[in-house]
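I'd like to ask some things about the structure below.
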Amino acid sequence: MDDSFDIYEIKARQVLDSRGNPTVEAEVLTAGGGYGHTIVPSGASTGTFEAVELRDKKEKYGGKSVLNAVSNVNDIIAQELIGEDARNQRLIDQIMLNLDGTENKGNLGANAILAVSLAVAKAAADTASLPLYKYIGGSNAYVMPAPMMNVLNGGQHAGNALDFQEFMIMPVGADSFAEAVRMCSETYQSLKKVVAEKYGKDAVNVGDEGGFAPPVKTIDEALAVLLEGVKKAGYEDEIVFTIDSAASEFYDEKSGSYMIAGEKVSTDKLIDIYKEMVEQYPIVSIEDPLFEEDFEGFKTATKELKGIQIVGDDLFVTNTKRLKKGIEMGAANSLLLKVNQIGTLSESIDAANMAFRNGYSLVVSHRSGESEDSTIADLAVALNAGQIKTGAPARGERTAKYNQLMRIEEELQISKYAGKDFKIPF
């Protein structure tokens, strides 16, 4: 019997994320010397139905310390998992879910559970001398995702008057992932010049995800600036746009309307705004176009915006129960996968498989509070996701993922860049 995969040690600590807030890092060591470590991310605009991120709510770090989550790993989770075979991912995740005993992981904290879940997979991969993407995805993992790079910021990610949160570029016309990164980087530099010329040098300061947050006043103005940046880079034919509205952030529950540029707008009117946008600009995907509980509205938007990828983030929160409801209703046609929304690797894979089985596309995503951890890069390839959003080609916690993907592409030798097939990449 091979006991080299048995978990020998689990240790957690408090470290910092890219916004200077505390987060959980976990390390796992197997008897065979395999090592895995993970730093969990944290979101700024979070869905109401996400798994619970445990914070101490005491004086240190303004109430955001995670020492309780850390001690839950060191004192509770570790005791249960020592001696378990690290290859039994589903069993290990289930043990942690049983230990927690809640629907939303509110006892131990999704940040504690996820840190261990991912670190266990990495330790098992290391013990097997396999890269993580191959350990999770096997020999079928060969699709390099088309990157959605967030280059203009609004909403919760910026201090401007822009209602929509992210304006992204996606180089579907590239021939490889490395070329896609180059196109985005050149466009980013081009956009930087456009923004500086129009709004002054102060406007090229970057937001949480590396995008620029110039003082644009309207959505149309932001899209026009973005288009100018793409044209000046020479990639008008290769690059398309994707939007993350994060509409729950500007939804007024009392009136049942949305606040756009200071005006109250109905669901139907907002869908009309999206229709005008996709006619005028090369937009192929809209994330969270409506309030997170408006499944009916999402159903209407999916029907009305024919051919456009409608991505559920706050709508689904990487949760198979909510995704199942969306599939049955025809609400959205794409799942945004954020591992920390659900809290284990097994549940994340289940959500991805459910999406694919039902004809929904998949976008693997970072959070605004990230780190140098690049696990989601491997996960995107392991799942043949076809799409990844992990910020601008700037800031180390963002480029860590793009750099890892370029390494993977080089290592794979035979791979397929999703490109124009980003919705169904295999």
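Quick reminder: no glycine exception, Cβ is built from N, Cα and C everywhere.
Here the structure is a predicted model, which means the values were calculated and not measured.
So Swiss-Prot lists the following for this protein:
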- GLN165, LYS338, ARG367, SER368, LYS389: (2R)-2-phosphoglycerate binding site (BINDING)
- GLU209: active site, proton donor (ACT_SITE)
- ASP244, GLU287, ASP313: Mg(2+) binding site (BINDING)
- LYS338: active site, proton acceptor (ACT_SITE)
Quick one: which of these binding-site residues, GLN165, GLU287, ASP313, SER368, have their CA within 10 A of GLU209 (active site, proton donor)?
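Cα within 10 Å of GLU209 (active site, proton donor): SER368.
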Return the single residue from the binding-site residues list (GLN165, SER368) that has the minimum number of other CB atoms within 10 Å.
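Relative to the other binding-site residues in GLN165, SER368, SER368 has the fewest Cβ atoms within 10 Å.
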ASP313 (Mg(2+) binding site): which of the binding-site residues LYS338, ARG367, SER368, LYS389 is the nearest Cα neighbour?
LYS338
Between GLN165 ((2R)-2-phosphoglycerate binding site) and ASP244 (Mg(2+) binding site), how far is it from one CA atom to the other, in Å?
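Approximately 6 Å lies between the Cα of GLN165 ((2R)-2-phosphoglycerate binding site) and that of ASP244 (Mg(2+) binding site).
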Validating a neighbour-count step here. Other CB atoms within 10 A of the CB of the residue listed as 'active site, proton donor': how many?
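The answer is 29.
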Relative to the Cα of ASP244 (Mg(2+) binding site), which of the binding-site residues LYS338, ARG367, SER368, LYS389 has the closest Cα?
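That would be LYS389, the closest of LYS338, ARG367, SER368, LYS389 to ASP244 (Mg(2+) binding site).
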ASP313 (Mg(2+) binding site) has how many other Cβ neighbours within 10 Å of its own Cβ?
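There are 29 of them.
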Within a 10 Å radius around the Cβ, which one of these binding-site residues has the most neighbouring Cβ atoms: LYS338, ARG367, LYS389?
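Sorting the candidates by Cβ neighbours within 10 Å, the top entry is LYS389.
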Can you grab the distance from SER368 ((2R)-2-phosphoglycerate binding site) over to GLU287 (Mg(2+) binding site)? Cα atoms, rounded to a whole Å.
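So the alpha carbons of SER368 ((2R)-2-phosphoglycerate binding site) and GLU287 (Mg(2+) binding site) sit roughly 15 Å from each other.
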Just to be sure I understand the packing, how many Cβ atoms besides its own are within 10 Å of the Cβ of ASP244 (Mg(2+) binding site)?
27
So the record assigns GLN165, LYS338, ARG367, SER368, LYS389 to (2R)-2-phosphoglycerate. If I measure every Cα pair among those residues, what is the longest distance in angstrom, as a whole number?
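About 17 Å separates the two most distant Cα atoms.
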